[in-house]
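Engineer: Have a look at this one before I ask anything.
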Ligand code: TXA
Ligand code: MG
């Protein structure tokens, strides 16, 4: 691909106007959301959307999330039923993505939805993202702004490490608040299913739906994968060892909570997701600390046990992907 001059834009009115103009003319602009930074393009412009896949080096055309500023804009793209309206009212703006039937007149490019008859939509809870979406006036397709196979970026610097020279701009809105991606809930034929755990806990979704919510097919399975190949797209270079009961010689430690696992004193590097054992704080720190410890250059990274409740479900999901055996060309979201 041709090398681009990547601009770092600030969140002033001028920065937002410049970012909106780039998006409106088919450019690629990374933007902050409350979860992670997204790599945005005009979702109605197939060529711009193709640029996303090219910049990320994504091996397959995974469907993308369309970002809009409010529920009214979302209703112009997809068909809501009583359950999806309740979920949208409860969690938008916020880290919930709804997968809904596309409206027949939905202007989102087929490339952005990978030819599916459903559309993933979300209203992000970030002042910069919302100002930008309002200024563009079109849905913005945005996967996480990392190269395929890397962890999701939670700062503008992370974005530039992966995508400098490959995108037109990044709007620097500082570190993201939630730190893991949105929870993806499909609502079709009146039934809600969780496709990806994320920034909103299952219990909160179930409280709004008023019933237990089952898992649907994992969202990464939407694009066909070779049999037996696990997706490892949150993959650091180091091997990741989960639920480590003790630390082995030469390992780095990603700790959680006040009590270090046995052998912690011999870890070559230590970071703690949340010394207080707070899962919200841990989610916000997850990707940054994975990157930092991976940068310490050890071959193995031990991760302390993290409870599976609340945001712990999403944290454990991302760590399991980081620990998954690597397959060349694994689907990289
Ligand atoms: O928090 C987030 O969701 C971030 C920020 C930038 O909004 N975005 C994000 O996008 O994580 P991405 O592309 O990295 O992950 C989107 C996931 C993919 O696993 C994709 O397969 C799934 O959403 N997805 C998109 N459209 C879908 C559809 N119509 N049906 C099922 N899954 C879908
Ligand atoms: Mg991603």
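Easy rule for this one: first residue shown is 1, then count along the chain.
Cβ atoms are placed via backbone N, Cα and C, with glycine included.
Note that TrEMBL annotation is computational and uncurated.
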Engineer: To which of 6, 11, 35, 298 does TrEMBL also attribute binding of L-threonine at the site defined by 67, 122, 142, 182?
Structural biologist: 35
Engineer: Within 10 Å of the Cβ of residue 182 (L-threonine binding site), how many other Cβ atoms can be counted across all chains shown?
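Structural biologist: Other Cβ atoms found within 10 Å: 27.
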Engineer: Cβ within 8 Å of the L-threonine site centroid (35, 67, 122, 142, 182 excluded): which residues?
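Structural biologist: Leaving out the recorded residues gives 33, 38, 65, 95, 97, 124, 181.
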Engineer: Name the secondary structure element type, per DSSP in three states, that contains residue 182 (L-threonine binding site).
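Structural biologist: In the DSSP reduction, residue 182 (L-threonine binding site) maps to coil.
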Engineer: Taking Cα atoms as reference points, rank the binding-site residues 58, 118, 144, 152, 196 by distance from residue 67 (L-threonine binding site) and give the first.
Structural biologist: 144
